[in-house]
Protein chains: 4
Amino acid sequence: MTFPAANDPSGVSGVVPPVCTPLTPEGEVDVASLLRLVDHLVEGGVHGLFVLGSTSEAAYLTDRQRRQVVEAVTGHVAGRLPVLAGAIDMTTPRVLDHVAAVTAAGADAVVVTAPFYTRTHPAEIARHFRLVARHSTVPVIAYDIPAAVHTKLPAALVLELARDGVLAGLKDSSGDLDGFREVVMGARSMPGRAGFAVLTGSEVVTDAALALGADGAVPGLANVDPHGYVRLYRLCRAGDWAGARAEQERLCTLFGMVGVGDPARMGGSSSAIGAFKAALHLRGIITCPATATPQIPLSPEETQKVEKHLATAGLL
Amino acid sequence: MTFPAANDPSGVSGVVPPVCTPLTPEGEVDVASLLRLVDHLVEGGVHGLFVLGSTSEAAYLTDRQRRQVVEAVTGHVAGRLPVLAGAIDMTTPRVLDHVAAVTAAGADAVVVTAPFYTRTHPAEIARHFRLVARHSTVPVIAYDIPAAVHTKLPAALVLELARDGVLAGLKDSSGDLDGFREVVMGARSMPGRAGFAVLTGSEVVTDAALALGADGAVPGLANVDPHGYVRLYRLCRAGDWAGARAEQERLCTLFGMVGVGDPARMGGSSSAIGAFKAALHLRGIITCPATATPQIPLSPEETQKVEKHLATAGLL
Amino acid sequence: MTFPAANDPSGVSGVVPPVCTPLTPEGEVDVASLLRLVDHLVEGGVHGLFVLGSTSEAAYLTDRQRRQVVEAVTGHVAGRLPVLAGAIDMTTPRVLDHVAAVTAAGADAVVVTAPFYTRTHPAEIARHFRLVARHSTVPVIAYDIPAAVHTKLPAALVLELARDGVLAGLKDSSGDLDGFREVVMGARSMPGRAGFAVLTGSEVVTDAALALGADGAVPGLANVDPHGYVRLYRLCRAGDWAGARAEQERLCTLFGMVGVGDPARMGGSSSAIGAFKAALHLRGIITCPATATPQIPLSPEETQKVEKHLATAGLL
Amino acid sequence: MTFPAANDPSGVSGVVPPVCTPLTPEGEVDVASLLRLVDHLVEGGVHGLFVLGSTSEAAYLTDRQRRQVVEAVTGHVAGRLPVLAGAIDMTTPRVLDHVAAVTAAGADAVVVTAPFYTRTHPAEIARHFRLVARHSTVPVIAYDIPAAVHTKLPAALVLELARDGVLAGLKDSSGDLDGFREVVMGARSMPGRAGFAVLTGSEVVTDAALALGADGAVPGLANVDPHGYVRLYRLCRAGDWAGARAEQERLCTLFGMVGVGDPARMGGSSSAIGAFKAALHLRGIITCPATATPQIPLSPEETQKVEKHLATAGLL
């Protein structure tokens, strides 16, 4: 099964984890661990995979490593479920190189942010997505992540690009549920709307996003507990909101693990990705919990806190 | 002549323009124009060249184009003056790939920012520069550009890394002259300080930065008027502050060109880099004023305003 | 009925509109219009009133006018429902003066932000709320509004202050539903938790906030359509999530009115408050749609757009 | 001597310290200490006084205390030098109340920021200053302090308001020397320019600001060492740039005291104002080093660091 075309009403939906990238102690991609992680996710019932996202440490992987990740995952998955790949870079020409690389490596769709590093403008953001889509052979999904790129994609712009067939979907990691709802409502009433996938990146208001009409979720924590997020998704789809809320609250408590890292010693990325990888290591899924440089590793005490979170959530 | 080693007291100094990257209408590097621009700068008396900086549109150039730029410039300059090259990317592993590439292409030093895209932390920034320096065969200059990377390099951190021999210099595009002075004063009193180069990225308070002790300047506008900045530098070094101020004020007025682009239509980068390239085109130095995508081109009216700025400054 | 004490489990809950402050063309409080607006809200079934909030233009009202508003509203309401009053100012000593004034004027609780204008710190924010609570004779509700005060109240701090009896509630206008949920879940499991009211300031994800456990909502748009928000609240309380979503989506569309003002001519506050007041004027509830200086008035065309929004929502 | 009228070419100039407000342990204004501080400044040779600025803790003083400060200082100074007073509040109507109060209390000019707390817009900022000037009987000086109000006054707007006679001067605490120079150069070439005073708020690049044409400086550190800033001003006016730089660097080192407060325990305001007051207390000028709530007091160890700074600067 390949990713549906931009005009296919079946779109991507459900739980699509941003797949962590296990590393060796030397900082190389640990392919065996990566494939064990993919199996863990597929067995957990997820509906798609997103490689080379922020949780995948795409910002830290070299071009060679990025290619290695996409090839390994698409080869292993072999069409059983769609594989989205990030093409994370500063501007159009550089993004287009990544789009070509991940497409050649088998990705079913690309996920692209607004330009960053450079000062930008809504007109330039629109031009960026239009140029990327024109040169991409696979659907383009916009990645709204202001914490990384320091601009917010305006809902009106996303909808304009959706209407024009430029975008096949939105992965919203902005934390702005107001704007997210505007896209959901606008996409629904789009003339000839077909397959525009609206996905939330939230771990902790996934139920709310699904309740208001999201097609799916891309929660980093689904690496650690895919079964939980799949259960949550099914409860929401079944309209069992009380059950969904209970499952969501269990996951919210588990998500507390992202705060184990001492903020005097490290940034939020080191702490959150460090915790996910520590959890995957503690659960026996990956061989080594190392994060990419220059992130700061968790201390043994911080790793113990991750272990406690897993125990509380019934995952050990 | 190669760039002085990190411990060489002669350090880089003087006027070191961040060299624009002329493009063809198709977005490829126009090497002939690039070399004409380099000749124009060398004839203007500049003391070094900085390729692949922000003004060079490094954020927009593909890896292939970046290599092409460094090879062309270092080959052409052939050691007559030092060539610094940006290694602009998100994190340590990716930066190290660029460091290797630009060094292989002949750069005499690399210019490196704090991590971006990812959430970071002072401890991670320090680790980043330490790792880059450990793996670089040429001196490493820190690039402080909060408008692009959304963190400010603290003066104390820069000085700590200077003292430890990690950094050979600072290129400060932060606009924060207070912090800049702290680095200048701290570097001067550094035990065994040798060749730590403190460079300002400012176009309009270059005289002030030199007056308080900067070693040199990296003004984007020096592409357009290298003679002006070299004159300014010499007046400052000669202690002719009245003369320096007059020259600086002429350059300030010229710098007004960065605002020609209509902010309703484009961002600050499109306007500023568009103006520099339009000026170089109008002065007959480069063949085509195109900027990289997704930047918005200047309109004919906006280009006329650039022309007026050149006329006022006596550059046409 | 007065506002419940901080330790009263009945807490404030339901729909608590931040009451607009009608002005005369000369910028004075139009008390007659204010009381008509209060009647309109009470008849709409709201559960409390919040005067001197951001939507009330508290930042624009003089101390004399603030007193006038509280006295007029508490006198008119006469205990039929609780009246919360903002005590919006920069730091503890100035806030305490407002707390004394609004309490003397009859307010049942005060709503207080983190310090602003001055650079602040979590320890100073905690000290601020502790000092305000120590000197207040009525319950203190924290007002989390980073768009105004440029700091976000951390969930952990809010919960610490709730546990210590410093805060009687939270009015969250941060747009951060993740942090909001953390407070909701933390407050629920608080030992001896009693009457800590968690209120959302959102107009467009009110249903989501109530679904995850909020006690109530403080939506500015409830000035225009109190009946809609009261219906929404009742549908949520009844667990009719499909009905709630339909009502919420009608209100989301109506909320589009906040964008009628041309962003080239005015800021977001002029547009949003201008739209609410235009709507109240068009609905015949207030005499004059004027906003306080230096806000920019809506043009006739912009006011017509408000009228269209009202018509679409069935409010004309 | 009163402050020159807006159209008086003599303008305010020289060193104009933002006067600290000494407090009693109970948080009341210590008038005796305030007048001793004023005497210390006048004896130091300063050219004017700025009360109720940010360094004066205006954001923390109640209306009663603000009035008390202005009355005490203007009464004591009795026209010997001009007294500028801050009218720091959120919007036009509230600012106008302060303007009336400080004018009644004898201030010779008012210092006014852009609106804050509320979301604003350049058109609203312009309208704000125009309305304040229309209703003020004394000259209005714009206070550009983005760290406090979260908008930067654009140079073009300041110059437009200067040309129209709305503003009599600018007090620039933005740290943006580029924009400052634009105002200095624009003001100089203003047709009929008369007495528009361009003042820097910087402690550490005061020499640079004066070198590029500033009329004066408003450095908080001048509370501690007025003689130093007056010497610096005279050296700059005499064109002795080497002497000026030496004096400035001594003051830069002294200014290091603003960092004595532990950032884990307190914010930058607590640390900086705490250090100034500790220094004034150690120098025997004020009776008590207390800062206003909710600021965190310096520890004895932090106060010792202030003492060391004073000793190094030869001030003990």
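Yeah, the Cβs are placed from backbone N, Cα and C, and that goes for glycine too.
Per TrEMBL, pyruvate binding site is recorded for A:Thr55, A:Val218. In the three-state DSSP scheme, A:Thr55 (pyruvate binding site) falls into the coil class. Counting every protein chain shown, 25 other Cβ atoms lie within 10 Å of the Cβ of A:Thr55 (pyruvate binding site).
Within the same chain, residues at least six positions away from A:Tyr143 (active site, proton donor/acceptor) with a Cβ under 8 Å of its Cβ are A:Gly53, A:Gly86, A:Ile88, A:Val111, A:Val112, A:Thr113, A:Lys171, A:Ser173. Feature annotation from TrEMBL assigns active site, proton donor/acceptor to A:Tyr143.
Secondary structure at A:Lys171 (active site, schiff-base intermediate with substrate), as computed by DSSP, is strand. The active site, schiff-base intermediate with substrate annotation in TrEMBL covers A:Lys171.
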Query raised in the report: Same-chain residues six or more away whose CB lies under 8 A from the CB of A:Val218 (pyruvate binding site)?
Result: A:Val16, A:Pro17, A:Pro18, A:Phe50, A:Gly53, A:Lys171, A:Ser173, A:Leu199, A:Thr200, A:Gly201
**Report entry** Cβ neighbours of A:Lys171 (active site, schiff-base intermediate with substrate) where a neighbour is any other Cβ within 10 Å
**Finding:** 28
Query raised in the report: Tell me, by DSSP, whether A:Tyr143 (active site, proton donor/acceptor) is helix, strand or coil?
Result: strand
